[in-house]
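Annotated features, as they stand in Swiss-Prot:
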type	residues	note
DOMAIN	63-288	domain 'OBG-type G'
BINDING	69-76, 115-119, 246-249	GTP binding site
DOMAIN	288-363	domain 'TGS'
Amino acid sequence: MGILEKIKDIEAEMSRTQKNKATEYHLGLLKAKLARLRQQLLDPPKSSGKGGDGFEVLKSGDARVALIGFPSVGKSTILTKLTETKSLAAAYEFTTLTCIPGVIQHKGARIQLLDTPGIIEGASQGRGRGRQVIAVARTADLILMMLDANKGEIQKRLLQEELESIGIRLNSQPPNIYFKLKSAGGVNLTATQTLTKITEKLAKSILHEYKIFNCDLVIRCDPTVDELIDAIEGRRSYIRCLYVYNKMDHMSMEDVDRLSRQPNSVVISCNMNLNLDFLLDKIWDYLNLVRVYTKLRGASPDFNDAIILREGATMEDICRFLHKELVSQFKYGIVWGVSAKHCPQRVGISHALEDEDVIQIVKK
């Protein structure tokens, strides 16, 4: 029996099994088997074949955003609207057959936007170009899930299932679980709080399903079975996602209002250029980028040349960005902006910067 058949059998058994206290142990083991089989399906073959067809795109710019969606939902159109790249768009499906990059210029940042081929149901199991598309999604800092507003909820559920099944977790954080394999000593399981969703017996059985008999497992949260499996697998991507409902010009105002109030959602119309500026601002917010401006002593800062960093960046990050030897030469920094308690403020190398701060670096 092949892997796909085993996956289908387990999924069928899970759908037949009523979920209650008596069956949660059995369902937990089934979930572990299912996750292990799906990972086997995704692992690349060891044999080397001919080179690829150029589907992968070199990462560039300050951040990467991937467009994911079913065929003919407006991915190519929005790439053309937000960037200077022309991606073939048509009213029929599967217009885009490879990955097409573009660059969004917004607030001084260069954001790489990737238009991927339309996903079809079963993509995670290899249908269409699903595996390549999902591999690109793993490398993104943000996923824009493009949805047809008239079919949005159905498409959203199917795409979430496809991404979840191959280890992409949308708008969530990794569970606070420490896991480390050992060569001997058995399973050392420690929970720092009461476990209400799994038992110690179930946790050890899931480990045994993965042929793990020696490890340290420290659980600092109250995880579900799925979260425990994620920690054991270790190959999970936690990526922020914006649900972009296109074709709002074909909807009633009541439906537009309802969709726009949903978490992590934006309603737009590519054809009529509605709400595209708001979408750009949302992309900026979700990428957690900050702009930092530098100045020389006695000179004014150049507000047309920002250094783009991640939220939480420090003076040390700025030094490394400017020159690798600047960290060792750093004496102190002077900061004007939101992060300063008073302007200007003399700061150390660990000082955290905020958006639109102005800095001056003084060397030893």
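Heads up, residue numbers simply count up from 1 along the chain you see.
Note that Cβ sites are derived from N, Cα and C of the backbone, with glycine treated the same way.
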_Per-residue Cβ crowding (10 Å cut-off), top of binding-site residues S72, T116_ = T116
_DSSP three-state assignment for M248 (GTP binding site)_ = helix
*Secondary structure content of the domain 'TGS' (288-363), with strand meaning DSSP E or B*: 12 helix, 29 strand, 35 coil
*Please report the number of other Cβ atoms within 10 Å of the Cβ of M248 (GTP binding site).*
22
*If you count Cβ atoms within 10 Å of the Cβ of G69 (GTP binding site), leaving out that atom itself, what do you get?*
26
*Conformational class of G69 (GTP binding site) under the three-state DSSP mapping*: strand
